[in-house]
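Sequence annotations record features per position, and here TrEMBL assigns transmembrane segment to 7-25, 37-55, 62-82, 88-106, 118-138, 150-180, 192-216. Positions annotated as domain 'Prepilin type IV endopeptidase peptidase' by TrEMBL: 66-178.
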């Protein structure tokens, strides 16, 4: 990828990030400041460039752009308003299934689609189990049901192994954040889990296979 292509993709990513801001609810008490939007749009643009560097001209890079954009929108929505809109998750899930189906047909390898569907079921099922266990044991929700749907969508874009990695990374980072929050406020506070799943999802997208291989090699030594 040459410099001109990188700059072009960065600009496209920044514009898309700016368009996302139009979708966001306009509430003065919770809306992002201009400098915050500028910074976040810059991050999205950098993710676009890095994704193209990783995947090049391919269906995979198109799917990664959809995935990154949906993750970006849901992260902003959950962080500021503590909601994960179902319709966005559903649209993302449909794109994932269609895109993986296209990849499977193109490569004549239907295991691509099967891994996607299994990833969706595992992601949805794993967090749904935690959700209902919390209801049963703690008599309250340990997380929102939007997180259940969200991880299911992440699984459709990735695979069963990567969705577990996403949950692991998200749980570790979220626990650290929760501990810091508790130490600062000296009381338990509710906070959204979606952004931490987003961190895990992007880590899995770009580094997931390498992290799993590294971990497996540790046990083989």
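Including glycine, each Cβ sits where the backbone N, Cα and C put it.
Unlike curated records, TrEMBL annotations are generated automatically.
In the domain 'Prepilin type IV endopeptidase peptidase' (66-178), the DSSP tally of helix, strand and coil residues is 97 helix, 0 strand, 16 coil. Among residues of the same chain six or more beyond the transmembrane segment (37-55), those with a C-beta under 8 A of the stretch's C-beta atoms are 1, 5-6, 9-14, 16-18, 20-21, 61, 64-65, 68-69, 72, 76, 202, 205-206.
Confidence over the domain 'Prepilin type IV endopeptidase peptidase' (66-178), given as mean pLDDT on the 0 to 100 scale, stands at 87.
The list of residues near the transmembrane segment (62-82) in space but at least 6 beyond its ends in sequence, with Cβ under 8 angstroms from a Cβ of it, reads 16-17, 20, 23-25, 27, 30-32, 40, 44, 47-48, 51, 54-55, 88-89, 91-92, 95-96, 99-100, 103, 144, 146, 150, 153-154, 157, 192-195, 198, 201-202, 205.
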